[in-house]
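Sequence annotations record features per position, and here Swiss-Prot assigns substrate binding site to Met56, Ala204. Among the features that Swiss-Prot reports, ATP binding site is placed at Arg131, Thr177.
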Amino acid sequence: MDAPSSASGPTQPRLSPADALAALRASAPLTQCITNYVAMQIAANTLLAAGAAPAMIHTVEESGAFAGLARAVTINIGTLSPAWVDGMKAAIDGATAVGTPWVLDPVAHYASAYRSAVARDLLSRRPTILRGNASEILALAGGNTAARGVDAADPVTAAGAAASALAREYGSVVAVTGAVDLVTDGTRVAMVSGGSPWMPQVTALGCSLTCLMGAFAAVTAPLEATVAALTLFAEAGARAHAHSEGPGSFAWRFLDALAAVTPDDLTGTERVSWNAP
């Protein structure tokens, strides 16, 4: 089901997942990914399989200038150091200066005081899209969570109100990812279903999803970009699962499936429901 009418950014059209995938593959948007050590290779391969062009540029000496050239920027705090944080801030400043969309993934921001402070600082810079699991989004909005590491300890539906509050406060589209994903801009809500139960057993798939959201934000408005990325992930995950025996075979079949999914496969998909809690 296509998205209902919604406000979009000044330059990006509102596209269905099918049209967004076609636009992404037609333009191969250059996407700057400042992600963690664990995720770099799989994130780059994910973007290549989907049809985008990754660039893993993170040093402060060049990240800001490169962000001015990229069509989207993604920030993931999975493996932090002061030097990397400086590079993140420079990239955000570079993207903001030219109106380039950027995505924030506050991985396990509740795990330490330093990590929490960095996440809060980056969030205050008003990301175009904010992606996290339910525990990350709940904690970022000031709620309680039992999570301590990178994995969620709360169901997606428990973070719905927190996601809406964050979206309204920061003007961001917020995605809460899990077995069923929730996306909101503070007013509209979409749920995306599909994927595979093996996805949480393959490291860095969520981090790669953050990068893919950035790539889609280069070709369509933020809400639609987020839904398109989730829909493509869900479709590819379901296809890979059908031919896999476990998380090992799923990991490489998932990349094949990403490359094989066509815009027609996402046309009229029933994976997306709008304004569903």
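Even glycines carry a Cβ here, placed using N, Cα and C.
Location within the structure of each feature annotated in Swiss-Prot.
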| residue | record | CB count, 10 Å |
| --- | --- | --- |
| Met56 | substrate binding site | 15 |
| Arg131 | ATP binding site | 32 |
| Thr177 | ATP binding site | 29 |
| Ala204 | substrate binding site | 22 |
Rounded to a whole angstrom, what is the C-alpha distance between Met56 (substrate binding site) and Thr177 (ATP binding site)?
23
If you measure between the CA atoms of Thr177 (ATP binding site) and Ala204 (substrate binding site) and round to the nearest Å, you get 13
For Ala204 (substrate binding site) and Arg131 (ATP binding site), determine the Cα separation and express it in whole Å.
14
If you run the three-state DSSP split on Ala204 (substrate binding site), which class comes out?
coil
